[in-house]
Amino acid sequence: MKLSSEKLPKNPFSLSQYAAKQQKFFQWKKEKPDYYLHANLVDTALQFLKERIRRGDAMAYFLRGQLYFEEGWYEEALAQFEEIQEKDHQAIYQLGVMYYDGLGTIANAEKGVNYMRKILDSSCPQTMHLKFAAAYNLGRAYFEGKGVKRSDEEAERLWLLAADNGNPKASVKAQSILGLFYSMKEPKELEKAFFWHSEACGNGSLESQGALGLMYFYGQGIRQDTDAALHCLREAAERGNVYAQGTLVEYYYKMKFFTKCVSFSKRIADYDEVHDIPMIAHVTDCLPEFIIKGMAMAAFYHGRCLQLGLGIMKDEESAKHYYSKACRLNPTLADELHSLLIHQRI
C-alpha cells in the first residue's frame, strides 16, 4: 500500500486570506479582465508578494514558497523554504514533505523524517496546527520503512496520535489510514477498521466513505446492511471515488441491470491510465492502488457485457480490449474475476 504525504494544514495565514486583506491585490481584476487567465493571476500574485517582501513582510516569504509549491515549481519552492526555515515552521513542514517525496530534489527520506520530528517535538505554539499532520507523516515513514526502521507498531502509535480520537481538526488522513491498516493487518481488526472509517467519513474522507460502503455490503466489522452500503457507495461514487464506482458496476452486473452497468462501466474503464490516475488521486485524496482497482473492475465487467451482448451490441474484439486493460491495470483482480467467469459465477 503506497501512501501519500499529508498536505500542509490550513492556518489563519492562507494566501487567499492574506491577499484579501490587501485591497491592491485585487485591483487588477477590475482594470484588466483578461488577467483572469491562470498564468496571469499567478504572475500578479508573485508581483504582489515581491512588493510585500521588499517592504519587510516576513509572511510573504513563506507565501511565495507555497505558491511555487502549489504550481509545481518545486526547485524554486525548495530554495525559498530552505532560506526561511529558521524563522518559519510551515517551511520546515514543507521541507519534510519535499525531501521525503523527492520534490525538487533527490529523495532523502531520513532528512524528511528529521524535519517532521522537529515539528512534532517543538514546543512553539506556532506548530500546533502542524503536529497532527507531522505525526501522520512520521507514521507513514515507519509503515514504509523509509528513513527509519520499519515498524507497524510505531506507525500505529503515531497514526493514533495524529487521529486524536476522531477530532475533525486532527489528521483525517490518519483516521482513514487507520481504517485501512486495521482491515489489512493480520489478524484483521474489522471493528476498529469500521470505527476509524466512520470517524474519517464523518470528517469528510472520500476514501473512507467508499470503504464503509464495502464493509456494510459484506458485513465486515458491522452487521450486513445492503441499503446502507448502497447509500455510502453511491455518495462516494458521485464524489469521485473510483473504487466505489467499480464496486457499483459489479453490483449492477450481478443484479442484471445491464444497460446501467454498460454505461457506467465504460465511463470508468475509459479513464486514461497515465494521466487520469494521478489527477484523480490528487483531487480526491484516494490512494492510486484503489483507483486502479476500481478501473480494472469496471474494465472487466464492461468486457463481459460486450462479449455476451448484455445491455449493448455484442462485440468480441472490443471485449478483448477491455479484458486486456483489466489485466494490465490489476492482474490479480483480473485473474480472480476470470476464475469466477470460468466457474460460471459471472
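Backbone N, Cα and C atoms are what each Cβ position is placed from, and that goes for glycine too.
Through the fold, the repeat 'TPR' (58-91) approaches residues 8, 11, 13, 15, 18, 42, 45-46, 49-50, 52, 98, 103-105, 119, 122, 124, 126-127, 130 of its own chain, all at least 6 residues removed from its boundaries and within a Cβ separation under 8 Å. Under the heading repeat 'TPR', Swiss-Prot lists 58-91.
This prediction places the mean pLDDT of the repeat 'Sel1-like 1' (92-124) at 97. Taken from Swiss-Prot, the feature repeat 'Sel1-like 1' covers 92-124.
For 132-167, the entry in Swiss-Prot reads repeat 'Sel1-like 2'. With a threshold of 8 Å between CB atoms, the same-chain residues lying at least 6 positions outside the repeat 'Sel1-like 2' (132-167) that come near it are 3, 5-9, 93, 96-97, 100, 108-113, 116-117, 119-120, 173-175, 177-178, 181, 185, 196, 199, 202-203.
Taken from Swiss-Prot, the feature repeat 'Sel1-like 3' applies to 172-205. Listed as Cβ neighbours of the repeat 'Sel1-like 3' (172-205) (distance under 8 Å, sequence separation of 6 or more from its ends, same chain) are residues 1, 3, 6, 132-133, 135-136, 139-140, 143, 152, 155-156, 159-160, 162-163, 166, 211-212, 215, 220-222, 232, 285, 287.
Under 8 Å from some Cβ of the repeat 'Sel1-like 4' (206-241) lie the Cβ atoms of residues 175-176, 179-180, 183, 190-198, 200, 247-248, 251, 280, 283-287, 290, 294, all in the same chain and six or more residues away from its ends. Residues or ranges marked as repeat 'Sel1-like 4' by Swiss-Prot: 206-241.
What Swiss-Prot records for 242-276 is repeat 'Sel1-like 5'. Nonlocal intrachain contacts for the repeat 'Sel1-like 5' (242-276), taken as residues 6+ away from its ends with a CB within less than 8 angstroms of a stretch CB, comprise 209-210, 213-214, 217, 230, 232-234, 236, 284, 286, 290-291, 293-299, 301-302, 304-305, 310-312, 322, 325-326, 328-329, 346.
Residues annotated as repeat 'Sel1-like 6' in Swiss-Prot: 296-331. The repeat 'Sel1-like 6' (296-331): residue composition by secondary structure is 28 helix, 0 strand, 8 coil, according to DSSP.
Outside the repeat 'Sel1-like 6' (296-331), and at least 6 residues removed from its termini, the chain residues within Cβ reach (under 8 Å) are 245-247, 249-250, 253, 258-262, 264-266, 268-269, 273, 337, 341, 346.
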